[in-house]
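Look at TrEMBL and you will find 12-32, 60-78, 90-108, 120-143, 155-174, 209-237 tagged as transmembrane segment. The Zn(2+) binding site annotation in TrEMBL covers His79, His83, Asp180. Annotated active site per TrEMBL: Glu80, in sequence order. What TrEMBL lists as domain 'CBS' is 259-316, 323-381.
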Amino acid sequence: MRRFRIGSAFGIPIQLDLTFLLVLPLFAWIIGSEMGNTIELLNDTLGAGLDPAVLIDGNLVWVLGVLAAVGLFTGVILHELGHSLVALRYGYPIDSITLWLFGGIAQLTEMPEDWKQELAIAVAGPAVSVVLGVLSYVAFAVLPGAQSAVIEGARFVFAYLALMNVALAVFNMLPGFPMDGGRVLRALLARTRSYARATQIAAEVGKAFAVMLGLFGLFVANNLLLAGLAFFIYIGAQGESRQTTMRAAFEGVTVRDVMTPADHVTAVTPKQSVTELIRTMFEERHTGYPVEKDGEIVGLVTLEDARAVREVERDAYTVGDVMTTDLVTIGPETDVMDALSELQSNSVGRLIVTDEDGEFLGLLTRTDIMTALSIIKSSDAYGVADDADSQTLRTEP
């Protein structure tokens, strides 16, 4: 999904996802259309003393709906800034803060594995929301009541933000990993067990919470947005658990350990026809090859490149015509998880492994990494990776 940068704070880019452009007017409409019920709720919970006759007047409800929605999402940005500033204090760079369909996300380049640091970062966001709630209540309390529609409208917005910011803090502290409460749970669990094991437990709790939230949203509250949030929590917990499991398994493992060495790699030449390339792929059951010319790797060709040529023209086209020359290379001593990030960020299926002089050492594919992961998880090395010491497992091609 495309994102737009709208500014920055403390050097952190703030972005809007396209989905946010849908949810902001939706929230404004919901707040405006439910103005009567919201006023009743605020009067009951905060003793607000708001006058419905003044507030439910023509287009004023929609103006207040927009102001309350903008204020609410401003609070979400400040909530994420709370996480971000504490993370920066501990030396963890922040890629961006993004507003999207289900709120905000502060994207850390690296997650802390020190439980005290993660606890502080996780708690910072809800703490900011509570402070915003208190400040909003103070602003509401100091405004005189029943003076005019403008002042009464301001009292409504501040009362609404007071309640919603505190509700946001409470909801985020529920143990729905990877929400803030789930990260707090993982931090507390990591005091007495490994980070990987703490993540697995927190993720299972998070998935159970997501299932219950989804069932509640579908069958009790009849709220599809709540069910969608539950789905996001479930997928997030599953993904975080998978990533942490991989980090634990690949601790101390480098590209050299899992790559296919150069002497085990079949290279093709630029002069081979696309038909010959496809025949080689079929015979060797590989879908990508380095292209070699005069002893140097000059490109990379994949099955997708070959498929782009019509079948009747494959004898006329050569590998050199369809190969990719913009190669993504990596060093042999790079951590496997960093290599996986390179694969994902460049949207490629394989990396050329070279030394400092540019000499071709081997090929690293997603399949190499997944095969190595399966072997490590089936070996004694995986059991050790969950403890303080770790082993390196070299996989044979």
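Backbone N, Cα and C define each Cβ position, glycine as well.
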### Query
In sequence order, what residues of the same chain, 6+ apart, have a Cβ less than 8 Å from the Cβ of His79 (Zn(2+) binding site)?
Gly104, Gly125, Pro126, Val128, Ser129, Leu132, Leu168, Asn172
## Note on the structure
Between the C-alpha atoms of Asp180 (Zn(2+) binding site) and Glu80 (active site), the distance in angstrom, to the nearest integer, is 11
### Helix, strand and coil residues within the domain 'CBS' (259-316) as assigned by DSSP
22 helix, 17 strand, 19 coil
### Query
With a radius of 8 angstroms around the mean position of the C-beta atoms of His79, His83, Asp180, what other residues of the same chain does the Zn(2+) site pick up?
Glu80, Gly82, Ala106, Ala122, Ala124, Gly125, Pro126, Val128, Ser129, Asn172
### Query
Can you count helix, strand and coil residues in the domain 'CBS' (323-381) using DSSP?
24 helix, 15 strand, 20 coil
### Region pair the transmembrane segment (60-78) / the transmembrane segment (120-143), three or more CB pairs under 8 Å
yes
### Message
Long-range neighbours only, meaning 6 or more apart in sequence with Cβ under 8 Å: which ones does Glu80 (active site) have?
### Response
Ile97, Gly104, Ile105, Ala106, Gly125
### Packing count at Asp180 (Zn(2+) binding site) (other Cβ atoms within 10 Å of its Cβ)
27
### Query
In sequence order, what residues of the same chain, 6+ apart, have a Cβ less than 8 Å from the Cβ of His83 (Zn(2+) binding site)?
Ala106, Ile121, Ala122, Ala124, Gly125, Asp180
